[in-house]
Amino acid sequence: MYDVSVPATFAVVTLQCGSLILVLVRPRTGVAVHLTSIIALGLLTRDADSGPWPLPVTGFISLGALILLVGIRERWLVSLTTWWSSMAALVLLVGVSLDRDEFPDRWETNLTIYASYTVMVLIAAIAMGQRARIRADLAKARRDIELEQAQRLHIEERARIARELHDVVAHSMSLIHMRALSAPFRLPEATQAVNEEFDGIARSARSALSEMRQLLGALRSENDEADLLPQPTLSDVPELTDATSRAGSPVDLHIDEAATTASPIVQLTIYRVVQEALSNVVRHAQAAPTTVTIRLESSSLHVTVHNTRPSDGAIFAAIPTSDRGGQGLRGMRERVHLLGGQVTTKPTVEGGFLVDAIIPASIMNQPELP
């Protein structure tokens, strides 16, 4: 029909097909190569006596695919520019053809069909591209919001941990201040130098206590009235397990008597570990029988919360187990890590869930004030 040599046809078709693949990687370069191949094809077929011209059927298909790909992947202005460039290339072919006035119906019909066909493709491609970009922007915005919320919750949890630990330390500092201040009265046989030393200790403790109160004031928010209450200890764990049992998850509690001698910070950490673990049981495995064990071994204090699979066959995969998990588990790990310990959270073989916190015994055996 067009009387074009096979090598020339093969070269042009290869450029057309290859440019469509190139558009996926380098859109602008792919468009330039494709339009070049279209111009070359038009020049090769302009002397034909029959057949569509300046754009054969394969050109219709390839240019339509080009505009579709560009419209989906690029901004609308790039897509529109590609369409205008293709029209300009075809008009240029007609313009350089010496016999264009001999068969006007041939190229006029060809260009009209191309313009009508590709305008519809262009509109559809731009709409699809815009929709895809809007969805991607919304997904990114959601991820950013979730990340920001997670970071905010993490910061709030760390601040809450700091407040609780500072409350405990502040209590100890108050004891140091009071004992140093009352030492001259409790020890009348002490020399003047010793009394001056006690007075210096009292001043240092009073200064540190004042600075700590300022720090706590900065850490507290307007909604932290509950933090002003005494911090929980091991003696409050039975009340916590009883409340969980009343909520429908039976809890069996075992506390080693030796663990009750732990320092206030260690007891607070144990309480928070048990509290978060039981909260997870209530949220993810309601009615599952649970065992809480707090035992002291030779080198470490173990806090273990283990629940079995509930009768309704609840799925425990919803409980996060990695460091990217919930803020409660993250806060639990940070509390234990502050004491030099570690936390293990994992599903059990029988379908339950295990939380095991290990705290070094050296932390728990800090010397008490006389």
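Cβ atoms are placed via backbone N, Cα and C, with glycine included.
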Stretch carrying coiled coil according to TrEMBL (options 131-158, 215-242, 299-326, 327-354): 131-158
Mean of pLDDT values spanning the coiled coil (131-158): 83
Spatial neighbours of the transmembrane segment (53-70) far in sequence, C-beta under 8 Å, 6+ residues away: 2, 13, 16-17, 19-20, 23-24, 27, 30-31, 34, 38, 41-42, 45-46, 78-79, 82-83, 86, 90, 93-94, 97, 106-107, 110-111, 113-114, 117-118, 121-122, 124-125
